[in-house]
Amino acid sequence: METIVVKIEEGQQNALQNKLKPYQISQNNPHVAFAARYKAVTCLLYRSGKLVLQGNLASQIAQELGFQTEEKTDKIKLGQNYPLIGSDEVGNGSYFGGLAVVASFVKPEDHDYLKQLGVDDSKSLTDHKIRQIAPLLEEKIPHKSLLLTPQKYNTLVGKGKAYNAVSVKVALHNQAIFLLLQQKVIPERIIIDAFTSHSNYLKHLKTEKNQFTEAITLIEKAESQFLAVAVSSIIARNLFLENLDNLSNELGYQLPSGAGSKSDQVASQLLEAYGMKALEYSAKIHFANTQKAIALAKRKD
């Protein structure tokens, strides 16, 4: 999927609205003067005169409407000097622990405060630093946090189940953003740290009940480019760590983050101590670590 942005004059705006009137859709963003869904392309006309076209046929529709495209969002570095929602997830690459997804709403006036806290790509911050600043961010920044526990994850994700490893993330990001928008925040753009293509995201999105009309943009390594995504990454990391701590305390074993050999070893110990039910409660069963742990446990017999 591509996103096209063009600047149009007032006369062109009126003509555009008349042409797309039969395809008009409702939207709650006061910055958007008109919204339509035309030939599977979302058309958002902002009061500033900016027209955003998003969909697989965005370039074709822009030409059909008589506009010369000025820029594609996948070829430019977007600024962040406007209100935006950023969304990120943590835990998808870890065998133990749940899957945390957070969407955050950040305004330009928040930037100085966030920089003073040292907000950056959470992957470059220590867990100790994340545990320190996450509560401050949760108090200051409007956000929505979702945690899919391993036990719930295993009922939803896997062969023959409702979701796969990608579609479950689409569902969680969509729900977090949807719920944050219910708090009456008004973003000019919604950025998701890319974990799949736009087209694949939209394909999985079709099955979700809760929908919103605001356009989304998936950008790789967005947490290092947008403070809103960095905030979400930090809050999500803290939520994941708290879940991992709680599971470790309940089971009496220190559960590692990640999906390396250490996870295999701890999983085999859990199998010996409690059986498969311990992994179903604390880990993502469809990971290859499960079979490796079973093999390790058998060698010890």
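For all residues, glycine too, the Cβ spot is worked out from N, Cα and C.
Over the domain 'RNase H type-2' (82-299) the predicted model carries a mean pLDDT of 94. For 82-299, the entry in Swiss-Prot reads domain 'RNase H type-2', with the evidence type sequence analysis.
The divalent metal cation binding site annotation in Swiss-Prot covers D88, E89, D193. Using a 10 Å radius centred on the Cβ of D193 (divalent metal cation binding site) and all shown protein chains, the other Cβ atoms total 24.
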Helix, strand or coil at D88 (divalent metal cation binding site) [DSSP, three-state]: strand
Fewest other Cβ within 10 angstroms of its own Cβ, chosen from the binding-site residues D88, E89: E89
Cβ-centroid neighbourhood (8 Å) of the divalent metal cation site, D88, E89, D193 excluded: S87, V90, V101, V102, H173, I192, F195, A222, E223, V229, S232, S233, A236
